[in-house]
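According to TrEMBL, the feature disulfide bond maps to 72-83, 77-93, 95-130, 101-123, 112-149, 155-265, 273-289. Sequence annotations record features per position, and here TrEMBL assigns domain 'Kazal-like' to 94-151. Per TrEMBL, signal peptide is recorded for 1-17.
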């Protein structure tokens, strides 16, 4: 009897063990299939990358772009012109089609020409001016100020005398602000930093603010030496194309264009600076407009101005000048002045 019971238990045990033994080959097959799938992928490749394929395509396109370099890539064209290739694949500058200019985002991108016409943007203006190149109208056409055309009231004599007082103080504050923010930005040269450091540490320096003209006039008399370098520095920042000791209408534009809509004496002030009416403002004429003596102009002229890598555009336009930069209160236009870094 015991033998039969033992025999039955053996049969039951074999029956229970049989499915497990049959399942083992399946698991082995699964493992082998998985290994086979992985081994199909090339060594060092990302399976996701291989499946998608977008990275390989991108790498190939980048290599093609480097090889097939566009001759226009390093060919500079002035405002209003774009680079195109002629039949010999030689880059050349041609007038830009005004309709190809980007659509303006808002009113702040509009500009006003000296014939009192509003353009959607500076791109539209310069493209239009280019099409008039060689004509009398094109020669006289200039960008007058930033913003849509509007009524600019006449500048009275009493207002004209106040303008250089505020602008002198503003230039001084701009330099001080650049000095305070210039850690590793190279906004000023080392020589310029030494000059501005003396102004910055002077206890008699008038802090930035909307001061009455009487206080500005007294401060200029008492601290005359503090204003010499800022006036010369601004001339050096504008005198760039070419560096010849004279400011043309084009060189002066980055300073005057943002100011005109907010300071109605801007145009008349710079016109009075041109004493000999030759359409250029010489260094001595510029200094004289701000009350700097001619002797100081000769002693601290081109050598003392020191060109720097700081931005040339100094003004109060809220979009083009404020998107990336420093900010100081601008007494001239009673708004925020921003300098791109």
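Note that Cβ sites are derived from N, Cα and C of the backbone, with glycine treated the same way.
Feature map: TrEMBL annotations on the structure.
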residue: 72; record: disulfide bond; Cβ neighbours (10 Å): 16
residue: 93; record: disulfide bond; Cβ neighbours (10 Å): 16
residue: 101; record: disulfide bond; Cβ neighbours (10 Å): 19
residue: 123; record: disulfide bond; Cβ neighbours (10 Å): 19
residue: 130; record: disulfide bond; Cβ neighbours (10 Å): 21
residue: 149; record: disulfide bond; Cβ neighbours (10 Å): 17
residue: 155; record: disulfide bond; Cβ neighbours (10 Å): 18
residue: 265; record: disulfide bond; Cβ neighbours (10 Å): 24
residue: 273; record: disulfide bond; Cβ neighbours (10 Å): 18
residue: 289; record: disulfide bond; Cβ neighbours (10 Å): 20
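Within the same chain, residues at least six positions away from residue 83 (disulfide bond) with a Cβ under 8 Å of its Cβ are 72, 75, 77, 91, 92, 93, 94. Taken residue by residue, the domain 'Kazal-like' (94-151) breaks down under DSSP into 21 helix, 11 strand, 26 coil. Ranking the disulfide-bonded residues 101, 155, 265 by the distance of their Cα atoms from the Cα of residue 273 (disulfide bond) places 265 first. Long-range neighbours of residue 95 (disulfide bond) (same chain, six or more residues apart, CB within less than 8 Å of its CB): 80, 81, 82, 127, 130, 131, 133. Cβ contacts within 10 Å of residue 77 (disulfide bond), excluding its own Cβ and spanning all protein chains shown: 17. With respect to residue 155 (disulfide bond), the closest of these disulfide-bonded residues in Cα terms is 289, chosen from 112, 123, 289. Residues within less than 8 Å, Cβ to Cβ, of residue 112 (disulfide bond) and separated from it by at least 6 positions along the same chain comprise 118, 119, 143, 144, 145, 146, 147, 148, 149, 150.
In this structure the alpha carbons, written CA, of residue 265 (disulfide bond) and residue 101 (disulfide bond) are 32 Å apart.
Residue 101 (disulfide bond) sits 38 Å from residue 289 (disulfide bond), taking the Cα positions as reference.
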